[in-house]
Amino acid sequence: MDASAGGGGNSLPTTGADGSKRRVCYFYDAEVGNYYYGQGHPMKPHRIRMTHALLGRYGLLDQMQVFRPHPARDRDLCRFHADDYVSFLRSVTPETQQDQIRALKRFNVGEDCPVFDGLYSFCQTYAGGSVGGAVKLNHGHDIAINWAGGLHHAKKCEASGFCYVNDIVLAILELLKYHQRVLYVDIDIHHGDGVEEAFYTTDRVMTVSFHKFGDYFPGTGDIRDVGHSKGKYYSLNVPLDDGIDDESYQSLFKPIMGKVMEVFNPGAVVLQCGADSLSGDRLGCFNLSIKGHAECVRFMRSFNVPLLLLGGGGYTIRNVARCWCYETGVALGHELTDKMPPNEYYEYFGPDYTLHVAPSNMENKNTRHQLDDIKSKLLDNLSKLRHAPSVQFQERPPEAELPEQDEDKENPDERHDADSDVEMNDAKPLQDSGRMSIV
């Protein structure tokens with residue numbers, strides 16, 4: 001692995017002794033692959049199980065602390081989401097949904113975000129992994145990974161774009177208990193609208209989203225959307241067109257993110273690694289290779305700031321598993337062989353049985369002039385931030401508790417005792433509403 005690949009003056013080498021210095025933890029629930037959105041639905045949680053199988057066969061699970069996430073509870077979810085919305089998610093079932101037509105419409109649950117067996121447990125699981133990862137970063141880990149998370153479209157009071165609970169917002173709220181500033185970066189092909197909206201008026205969270213823009217879901221993410229009030233210029237949107245390749249993508253990603261790290265100086269970074277920006281995705285229209293996608297992980301890792309890696313979109317599931325497996329290797333500082341070891345899902349990866357897939361010959365509609373114009377506008381926005389904002393802490397909210405129990409020798413497919421799970425603090429929330437204020 002090229003030690004200079006990350007770029008930047010503060011880049012650390014990613015091989016040798018440095019790789020072992022990164023304390024990495026990984027959250028996985030063996031049940032997650034059993035959840036099923038329904039026949040024909042592009043979102044398939046089974047891809048998380050496929051990723052996990054590859055991690056095992058590549059020997060990566062032995063190099064991380066592995067935790068089974070403790071399910072997020074109602075009050076944990078209500079730190080961001082509305083009480084009545086959470087109550088609805090907890091109560092609705094495929095059998096009872098016809099009796100709740102008005103609620104389904106109100107909360108945008110239906111075709112894109114269907115009611116399926118175990119819906120609320122699914123939400124609790126993936127949210128618990130992201131919050132648990134944030135807790136681990138707050139207590140000394142360098143990198144935390146939850147490939148089941150990253151569901152960035154969910155709003156305070158409604159589901160959206162296959163997302164029900166916004167685990168990212170909940171994880172950022174947890175990080176804000178220890179860090180004055182948190183950076184959110186989104187490389188999913190879709191705009192990270194739910195996260196941007198949640199933090200649109202604060203200078204404590206900067207959101208940066210690289211996405212397809214123009215007649216494409218969710219339709220938000222214009223370069224002119226920069227935040228509001230105290231949050232002005234703390235939202236950055238990078239609108240891209242079809243067919244963007246590795247070189248074009250990195251010509252924006254590295255200079256923009258390098259300047260963001262310099263100006264904003266975050267205490268922690270959350271990177272949403274949606275794999276629908278890969279070439280050949282069932283719903284996507286970009287042309288990134290797995291190495292090109294992973295270069296974003298490598299670059300953000302190079303700053304040696306606590307890093308939470310989350311999943312997100314990705315609908316050609318064999319490539320999602322390839323991508324997130326490779327990016328776990330990047331997090332650990334290990335280059336993986338392209339020849340794939342035999343695994344439970346080997347037939348998915350034929351006929352080549354390799355970790356990497358070649359990008360296509362599709363046209364890159366992003367011209368050099370357009371890319372330079374985008375970069376110029378965004379760097380100009382960043383120049384308006386004179387320095388990292390000064391945030392005065394008042395009373396720190398009660399922290400989530402995660403017992404420091406080393407489980408890296410445990411079988412991650414087995415259910416652990418309750419003592420090894422993430423336990424959330426029972427202390428009273430910040431406000432009477434039970435929700436944390438986002439300021």
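Cβ coordinates are placed from backbone N, Cα and C, and glycine is handled just like the others.
Feature annotations, courtesy of TrEMBL:
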type	residues	note
DOMAIN	41-328	domain 'Histone deacetylase'
BINDING	Asp188, His190, Asp276	divalent metal cation binding site
REGION	387-439	region 'Disordered'
COMPBIAS	401-411	compositional bias 'Acidic residues'
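Of the listed binding-site residues, namely Asp188, Asp276, the sparsest CB environment within 10 A is found at Asp276.
Note on His190 (divalent metal cation binding site): other Cβ atoms within 10 Å of its Cβ, all shown chains, come to 27.
Listed in chain order, the extra residues whose Cβ falls within 8 Å of the Cβ center of the divalent metal cation site residues Asp188, His190, Asp276 are Ile189, His211, Lys212, Gly274, Ser277, Leu283, Gly284, Gly312, Gly313, Gly314.
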